[in-house]
Amino acid sequence: MGNHTTVRTFLLWGFSSFPDLQVLLFVLVFFSHVTILTANASIMAAIKLSHNLHTPMYFFLCGLSFSETCTTMVVIPRMLVDLLSHSKTIPLPECATQMFFFFGLGGNNCFTMAAMSYDRYTAIHNPLHYALRMTPKVCFLLMLASWIVGFLVSLCVVITIFSLSFCASNTIQHFFCDFAPIVSLACDYTSYHEMIIFLLSAFVLVGSFILIMVSYVFIGFTVMKMPSAKGRYKAFSTCSSHLTVVCIHYGFAGFVYLRPKDSDSFGEDMLLAVSYTVLTPLLNPIVYSLRNKEMQIALRKILGNASRFLTQRINKRIENF
């Protein structure tokens, strides 16, 4: 250990292996990022401005949209800069900060989706007492707990990883500070550290997924007891958007973070991470808007008001000239 130089700066190798594609990747990721921000901002604005959407389900959806917007802001702007930059270095403290917010927000997304599944169970299982159980205070506490647990677990992961000594190569085979490529650079990474990180990751992903599945098992039992086919269809339709988003989110995240790691899988993980950090936040607003009539109506109103506002501003400017 005494002959090693401690690493203080990392190099985000990212897509440097494909120099001819970096401009194309920049354009694709940039427009995807703008679309993500616009779509999630539209959903949050629609929920805020439409009184009929001031319900627990849309409160959690607004929180999820905000959290996913923050998640993309943690990763994508830096990724865009690196795609056009020759210097792709990132100081160790900045790398640790990026990891902390990425995993904290990711954990928050998981537990927010668990809270959403509990909300759907409460609405279907006991609709008469739904308003009494899912009060604004309860919704706020569930959302707060999601944020606290997510960032506490993230803090434990970051402390575990950045307490290691980095004395090998400083090149991270990724476009952001993900844990697997970073721990591969550590000199003193052991099975003990690997077990801690795996258990923390499993607590977030598997723990929240179990909560979601338990809620949907009870939802299934409740729906099957309903006498009319129309009632069963209506009950399932209120869950379809959430269930679709859960499958997308946990499908990518589980495959990336819960399977065994080796140095040969970093390239594959990086491609999957593009899906996880770009495609998933892009698909979620589309799923909720396409499969939800209330959201469609609210979004049309928002877009109509925005269009009228812009038209009025343009007309005033023309009149002033």
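Any Cβ shown, glycine's included, is placed from N, Cα and C.
The domain 'G-protein coupled receptors family 1 profile' feature in TrEMBL is assigned to 39-288. According to TrEMBL, the transmembrane segment annotation covers 23-46, 58-80, 100-118, 139-166, 195-223, 235-258, 270-290.
Looking at 58-80, 100-118, 139-166, 195-223, the range that has the most CB pairs within less than 8 A of the transmembrane segment (270-290) turns out to be 58-80. If you look at the transmembrane segment (195-223) against the transmembrane segment (58-80), you find fewer than three C-beta pairs under 8 angstroms, all six or more positions apart, and that falls short of contact. Counting Cβ pairs under 8 Å that are 6 or more residues apart, the transmembrane segment (58-80) and the transmembrane segment (139-166) reach 3 or more and are in contact. Ranked by number of Cβ pairs under 8 Å to the transmembrane segment (139-166), the listed stretches 23-46, 100-118, 235-258 are led by 100-118. Non-local neighbours of the transmembrane segment (100-118) in the same chain are 57, 60-61, 63-64, 67-68, 70-71, 74-75, 139, 142-143, 145-147, 149-151, 153-155, 157-158, 176-179, 204-205, 208-209, 211-212, 215-216, 219, 242, 245-246, 249, 253; each lies 6+ residues outside the stretch with a CB under 8 Å from one of its CB atoms.
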